[in-house]
Amino acid sequence: MKILVDENMPYARELFSRLGEVKAVPGRPIPVEELNHADALMVRSVTKVNESLLSGTPINFVGTATAGTDHVDEAWLKQAGIGFSAAPGCNAIAVVEYVFSALLMLAERDGFSLRDRTIGIVGVGNVGSRLQTRLEALGIRTLLCDPPRAARGDEGDFRTLDELVQEADVLTFHTPLYKDGPYKTLHLADETLIRRLKPGAILINACRGPVVDNAALLARLNAGQPLSVVLDVWEGEPDLNVALLEAVDIGTSHIAGYTLEGKARGTTQVFEAYSAFIGREQRVALETLLPAPEFGRITLHGPLDQPTLKRLAHLVYDVRRDDAPLRKVAGIPGEFDKLRKNYLERREWSSLYVMCDDETAAALLCKLGFNAVHHPAH
């Protein structure tokens, strides 16, 4: 059995070699000749999987180590009798921590408290729901918009997008990309919505580039209306609008979900799915794969306030480390993908062991995903 894996999928070689022969290949473009001699294909979001890629090949299973699946023609795979698995939620924590890193940076720069802001979350799936939980743990007001969930009668106080635009100081998008249909998200943030955002609002897109109309966003920024913007995703990736990048506060190369933990979760989820597909079910404990974090443990004295949370969060991951490299190479062909391929190791908050002498601080840090313990001062 031969399994093709994207060369940038961590732990793929060591896991899939338990099941058969493994060949690591580039994800964009996939070498077509390799597909004619393989049984399974494991990809990331850079690989478009459809009839033109796989028709006439012996591939009988496709796994994507990503939560999103808009790069995969699932209907055709089903019709062709090809097994498929994605990794829902694998990088949700990473995206939440990216959003926090950006918000804490903007709050410090502009001198505001997040507790005085209302945060509108558009799309309340794996990412949006975790973001809401952490924000509410900090006492920050959230408004939720998720029409498909509201229509299903899911529990939650779901508002309309209109209400969020009127009330929210921060609007953050965490939807899939649907190009048509009743819940179309293509240009969900269109010219009208962007024009109606409150002066001084913050717009964050860390889901899929075309959810926000990039031309309309640039027009508003060029008009000089106060708006802070954080973009991790762009229309037309890997090409992006360089003028828009120059106008936003934080711009990164579609890496919000790129923690070591998130990538490892993605790989293990598709590995477990494929092992079950071939009747050799296996489970993998994530901690057996991950290396020891850079920071062993730190000690925190006193309560947890916003500046302290910012220091802890940025000790693990400061979003600015990914903003500067993109600005340096923007517009140079191939560089966007190179930043993703050669991405510096990044960990999640859970990798930081925090000893607190304040019991409330320890409990709150645990709710936020840190590995915190109460250790009374003697």
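Every residue gets a Cβ built from N, Cα and C, even glycine.
Of the residues THR175, THR192, THR288, THR299, Swiss-Prot places THR175 in the same NAD(+) site as ASP146, ASP232, GLY257. In this entry, ASP146, THR175, ASP232, GLY257 make up the residues listed for NAD(+), with the farthest two CA atoms of the set 21 Å from each other. The two recorded residues, GLU237 (active site) and THR175 (NAD(+) binding site), show a Cα separation of 17 Å. Using a 10 Å Cβ-Cβ cutoff, ASP232 (NAD(+) binding site) registers 26 neighbours. For the recorded positions listed here (ASP146, GLU237), the lowest count of other CB atoms within 10 A around the CB belongs to GLU237. Residue environment of THR66 (substrate binding site) contains 26 other Cβ atoms, counted within 10 Å of its Cβ in all protein chains. In sequence order, GLY68, ASP70, THR175, PRO176, LEU177, THR185, VAL233 are the residues of the chain that are 6 or more apart from ARG208 (active site) and have a CB within less than 8 Å of its CB. The recorded positions listed here (ASP146, ASP232, HIS254, GLY257) include GLY257 as those with a Cα within 10 A of the Cα of THR66 (substrate binding site).
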